[in-house]
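Swiss-Prot annotations:
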type	residues	note
REGION	1-22	region 'Disordered'
DOMAIN	44-107	domain 'SAM'
BINDING	GLN146, ARG161, HIS207, HIS212, LYS317, TYR320, ASP324, GLN380	dTTP binding site
BINDING	GLN146, ARG161, HIS207, HIS212, LYS317, TYR320, ASP324, ARG371, GLN380	dCTP binding site
DOMAIN	161-321	domain 'HD'
ACT_SITE	HIS230	active site
Amino acid sequence: MKGINGAKRVRHDASPSAQDGYVTPEKRVKRWSGGQTAANYREWDVEEVCLFLASHGLGELEVIFRENKIKGRILEYLTDSHLKDLQISSVALRLDLLSCLRMLCQNSPSIMKVFNDPIHGHIELHPLLVRIIDTPEFQRLRYIKQLGGSYYVFPGASHNRFEHSIGVGYLAGCLVQALHERQPDLQIDMRDMLCVQIAGLCHDLGHGPFSHMFDGRFMPLACPQKKFKHESASVAMFDHLIQSNGLEEAMKENGLCLPDDLTFIKEQIAGPLSSEAEQQFNSSPNSSSWPYRGRTEEKSFLYEIVANKRNGIDVDKWDYFARDCHHLGIQNNFDYKRFLKFARVCEVGSKKHICTRDKEVGNLYDMFHTRNCLHRRAYQHKVGNIIETMITDAFVKADPHIKIEGANGKYYSISGSVDDMVAYTKLTDNIYHQILYSNDPNLKEAREILQKVERRHLYKYIGQTHPHSNSRIEPDKYDKLPADLASSVPQTSAKDVELHAEDFIVDVIHMDYGMKEQNPINNVRFYCKADPRKAIKIRRDQVSQLLPEKFAEQIIRVYCKKTDEKSLETAKRYFIQWCMNKDFSKPQDGDVVAPDMTPLKASWVDDDDDEDNEGKQQTELLHKSRVKLFTN
């Protein structure tokens, strides 16, 4: 008599051979060993998969698995919806099978590659991610500084986009895995997990030399008509990486479905891919329409892991907070591991969003405050910024004379290389030293600027001011600011010193909490312990009275290219006169630099008195509160 798996059943009698587990050769049954073969379950053929099913009491599924030719490499990607499609109607049977498959995948010896990261410790990455890392396009990130010119101010800031990208890929896996384990009903499958990790790994492939200096300073000057964004370049570089290294087949072997999963990965990096959908999404990110094609609205939360366009809470920030603080020597006050413990998905309207516990709202405000502190103390450091400005000047002057070979033997300039990924792969921070050590007479001006950077002969900082919120300077006016400043000649300036527009650099900086003037917490949803399924909104006044009233400001810094003492003294008076003319805030050293000028503006004189009066009122109020507290 045969069992359900078609094999002869073993006799269950009291004979010594049966009790001892010994079966005569003619009675032996081929069994799944559960030992050595389990380590290589991805290499199983259909029959070996069926033996595994039979050994776990799931032999009735053998026919289905044989008919659909399901091999070992598919097992870890099977989900409940897949089993339904296979006409497995019994819920209990599906759950038993998924439980067995989960144990198989977890208990088999790991095929992951281990990296020892200074921030996250020993981390494991999927072999497909390692295949992506081991390509020239990804290795290029080893030669692009994470913080650009900040390395010239902070000696420890020598880290590169390479290690940051690996960290983001790892954290993306941590978050999606946490959601999968906490909420199996979300039906996050292995395809989803792998795509999210790949998106995290590849999100910065498109960065140019010195990272944000390239897209924030150089490209707007060298090629303003291109509207270059490193996210779009990351998508183009990702396509080039996959095609030039023949990774499509490796992706399919690991269970990905092309081209849908490629679309999903690219959408996580750069947002909606079609221009119409992107424009609609940028104008109204909370719109009810669904702009993505890689995943349905049912899995909308997956788009909030790598680059969260909704509120800015994503694994990219988590890694650069920890990594940048480590290398800068600045304290990091945000603990992403705590966020992982409380993250869960809740429905908000027709979409599903990643939410956190209501008690975590204060920590999220601290997270955005940490971001603001990093910008003030490091990313927008006045010396780091002027060094990047000088490097940008050198690159702009060198741009027409640098030739980088691209596809089909065509050559491109620095700014033109973004149109050809073969050329762009060769463009890294090394271009700095290529210019610095060049003997080309066409690069003389650029070379001299970089030599000044090397000798620390920098453009001199003149001062800083703030425009009022109702008089913000628009980007299309930036080019006119140096000329406007040069025309603000103070009456008491030195007659033998004349300054022109080309002598000034005016740097306009935007500081915010990541979403311009908006409070990003307004776009975060929380849940409470009483009902974890219900998403709620928490207003700022429900948290604390000490939180910021405004979430964005504009800072204007002025530098002078002339470095002699007389020119600098005159430049500072020009600057103060310009601030008076434009009704900007009084420079911090205004009373010291030009004590004869600042009293001429009434609002500047009254500022101190107003602040003193306000301080007295606050002190009196605090005193009354204490009296009331101790007399009750």
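Glycine too: its Cβ is placed from the backbone N, Cα and C atoms.
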Original post:
Counting only other Cβ atoms and using a 10 Å cut-off, which of the binding-site residues HIS207, HIS212, LYS317 scores lowest?
Top reply: HIS212
Subject >> Per-residue Cβ crowding (10 Å cut-off), top of binding-site residues GLN146, GLN380 >> reply: GLN146
Subject >> Euclidean distance between Cα atoms of the residue listed as 'active site' and TYR320 (dTTP binding site), Å >> reply: 17
Original post:
So how far apart do the dCTP binders GLN146, ARG161, HIS207, HIS212, LYS317, TYR320, ASP324, ARG371, GLN380 get, largest Cα to Cα in Å?
Top reply: 20
Subject >> Inter-residue C-alpha distance, ASP324 (dTTP binding site) and the residue listed as 'active site' (nearest angstrom) >> reply: 20
Original post:
What is the three-state DSSP composition of the domain 'SAM' (44-107), stated as helix, strand and coil residue counts?
Top reply: 46 helix, 0 strand, 18 coil
Original post:
Say you check the Cα of HIS230 (active site) against those of the binding-site residues HIS207, HIS212, LYS317; which is nearest?
Top reply: HIS207
**OP:** Please give the average pLDDT for the domain 'SAM' (44-107) in this predicted model.
**Re:** 88
**OP:** Show which residues of the chain containing ARG161 (dTTP binding site), separated from it by at least 6 in sequence, have their CB under 8 Å from its CB.
**Re:** LEU141, ILE144, LYS145, GLN146, ASP204, HIS207, SER211
